[in-house]
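Beneath this line is the structure, given in structure tokens, with notes to follow.
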Amino acid sequence: GGEYRTVLQLASHRKDVNLVRVILNHGADVNIRGGKYETALQAGACGSSEIVKLLLEKGADPNIQGGEYGTALQAAGSLGSLESLALLLEKGSDPNIQGGQYGTALQAAAFQGSPQNVALLLEKGADPNIQGASFYGTALQAAAFKGYEEHVALLLEKGADPNIQGGQYGTALQAAAFQGSPQNVALLLEKGADPNIQGGQYETALQAAAFKGYEEHVALLLEKGADPNIQGGQYGTALQAAAFQGSPQNVALLLEKGADPNIQGGEYGTALQAAAFKGWKSALPLLLENGADPNIQGGQYGTALQAAAFQGSPQNVALLLEKGADPNIQGGQYGTALQAAAFQGSPQNVALLLEKGADPNTQGGEYGTALQAAAFKGWKSALPLLLEKGADPNIQGGQYGTALQAAAFQGSPQNVALLLEKGADPNIQGGQYGTALQAAAFQGSPQNVALLLEKGADPNIQGGEYGTALQAAAFKGWKSALPLLLENGADPNIQGGQYGTALQAAAFKGYEEHVTLLLEKGAAPNIQGGEYGTALQAAAFKGWKSALPLLLEKGADPNIQAQ
């Protein structure tokens, strides 16, 4: 048992030559399999050529497969031991066995960085074109990803095919374009690498180079026939990747070479949305000048305008509106550009969008309305601006159901008061906390709890995560919110929510003062329901030594069984 299975594997891993000798002299079987490295030989190959030699002399089989590195040879290749590699190859280790972290010993050596190891493996018959289920697919892609120019040249010289597909980057050329060695990109192209092969994280070598911002690579790939309009990969097109990265030179060059700015796909839908999301002041106008349509829909933010509003640049928001962006298009994470601006908090952008006709009552997105987004963030300027322009505080939807619930959760008494003044109904139900009062009780502001109760909030409405406002306050342990709710008629025996009752929530948290108060106010200790069945079971589960006797004194039945 254990991570290393045998003491021999453990001693080999620890590079303890003397201990390995002692164990071998006492008849240890060198080929026992199992554990992290499968064999003692693989463990030894991770760091000691002397141990490798000892184990081979005792009959260790170099071709046993399994463990972290698949074979002892791959372990030696991955950790750079030329001497261990030579010993293993001399004893018949097969360089083309597949498996382990790097797929083959050659890929391990290509990734690790020793040109001598790569050369030795190739000399001993390692096939440079074996494809594995490993991260880099081939030895050539591994070397290209690491930027090893000597390795790439050596592998190509020995017949490595630059157009084999697979691995994270699809091809060696995409890996080289991502990594940044102009020498490797040029050499791979010279040796016949096809710049238009599709696959891998960035779909093409051109998209990878554009994402990294390498102007020299982008120019070279285009010169060698890379098609700028191939679609796929993380950013959809090379132009979207360049727009995201922000190089005006690459954006300009791609457009000059025929890149279509209106192709849709990728993380941001279009190149324009990517540039807007990043807030670039040069890439955005460049795309618009070259025919980018600001009203194309798709991507994370739905439109370029929503992305710009989320990012917060008034200059970009103004430019997009000037170029015909429709502020009322719906879709994306925030539903509308106005909701994104309200979430971000720029009063300038909120005002600008409203001035250009943005409807403050459009519904959709994460927060349902722009007003709820502003309330959730607690902005003191965006919220009144939206209300002045006709935002309805009673629209329902989004994470918090209403703007009032969002404001109550956020905790700003100023915003809660303003929304109530503008007609927000405190008893609307829905959203994460069921009501604004439950959200305020959870958040703990006695000012907001008092204000909502004063404005007619019903403390006994049921729903939301904690069932009632009282249970939310009991769970959080607020010293002022709980008595305030009880004074205003909150019923401690209403059932529902995560803990069934307010008493169970208080018992679970171990709040002696709250348990006492709830019992005094008539909370029944034997009501069943909620996560722990009863208040007593909740206190027992948490091991509270003060809450338990209190509950038992008040008649809690220790024989009630959990359902």
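Any Cβ shown, glycine's included, is placed from N, Cα and C.
Among the features that TrEMBL reports, repeat 'ANK' is placed at 3-35 (among others). Note on the repeat 'ANK' (3-35): residues 41, 43-44, 46-48, 50-51, 54-55, 58-61, 64, 66-67 of its chain, located 6 or more positions outside it, place their CB under 8 angstroms from a CB of the stretch.
Here the repeat 'ANK' (101-133) has, by DSSP, the following mix of helix, strand and coil residues: 17 helix, 0 strand, 16 coil. Summarising the annotation, TrEMBL assigns repeat 'ANK' to 101-133 (among others).
Taken from TrEMBL, the feature repeat 'ANK' covers 138-167 (among others). Helix, strand and coil content of the repeat 'ANK' (138-167), in residues and according to DSSP, is 17 helix, 0 strand, 13 coil.
Within the chain carrying the repeat 'ANK' (168-200), a Cβ under 8 angstroms from the stretch's Cβ atoms is held by residues 135-138, 140-147, 149, 152-153, 156, 160, 162, 206, 208-209, 211-212, 214, 216-217, 220-221, 224-227, 230, 232-233, all 6 or more beyond its ends. TrEMBL lists 168-200 (among others) with the feature repeat 'ANK'.
Remote same-chain partners of the repeat 'ANK' (201-233), defined as residues 6 or more beyond its termini with a Cβ less than 8 Å from a stretch Cβ, comprise 168-171, 173-178, 180, 182, 185-186, 189, 193, 195, 239, 241-242, 244-247, 249-250, 253-254, 257-260, 263, 265-266. Feature annotation from TrEMBL assigns repeat 'ANK' to 201-233 (among others).
Secondary structure of the repeat 'ANK' (267-299) per DSSP, as helix, strand and coil residue counts: 15 helix, 0 strand, 18 coil. The feature repeat 'ANK' is assigned by TrEMBL to 267-299 (among others).
The feature repeat 'ANK' is assigned by TrEMBL to 300-332 (among others). For the repeat 'ANK' (300-332), the list of distant contacts is 267-270, 272-279, 281, 284-285, 288, 292, 294, 338, 340-341, 343-346, 348-349, 352-353, 356-359, 362, 364-365: same-chain residues at least six beyond its ends, Cβ to Cβ under 8 Å.
The repeat 'ANK' feature in TrEMBL is assigned to 333-365 (among others). In the repeat 'ANK' (333-365), helix, strand and coil residues by DSSP number 17 helix, 0 strand, 16 coil.
When Cβ-Cβ distances below 8 Å are used as the criterion, the repeat 'ANK' (399-431) is approached by residues 366-369, 371-378, 380, 383-384, 387, 391, 393, 437, 439-440, 442-445, 447-448, 451-452, 455-458, 461, 463-464 of the same chain, each at least six residues removed from its ends. Taken from TrEMBL, the feature repeat 'ANK' covers 399-431 (among others).
According to TrEMBL, the repeat 'ANK' annotation covers 432-464 (among others). With DSSP classes pooled into helix, strand and coil, the tally for the repeat 'ANK' (432-464) is 17 helix, 0 strand, 16 coil.
Each residue in the repeat 'ANK' (465-497) gets a DSSP state, and the totals come to 15 helix, 0 strand, 18 coil. As annotated by TrEMBL, repeat 'ANK' applies to 465-497 (among others).
Note: the repeat 'ANK' (531-563) comprises 15 helix, 0 strand, 18 coil (DSSP; helix = H, G, I, strand = E, B). The repeat 'ANK' annotation in TrEMBL covers 531-563 (among others).
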Average pLDDT across the repeat 'ANK' (300-332), rounded to a whole number: 97
Tertiary contacts of the repeat 'ANK' (531-563) (same chain, 6+ residues out, Cβ under 8 Å): 498-501, 503-512, 515-516, 519, 523, 525
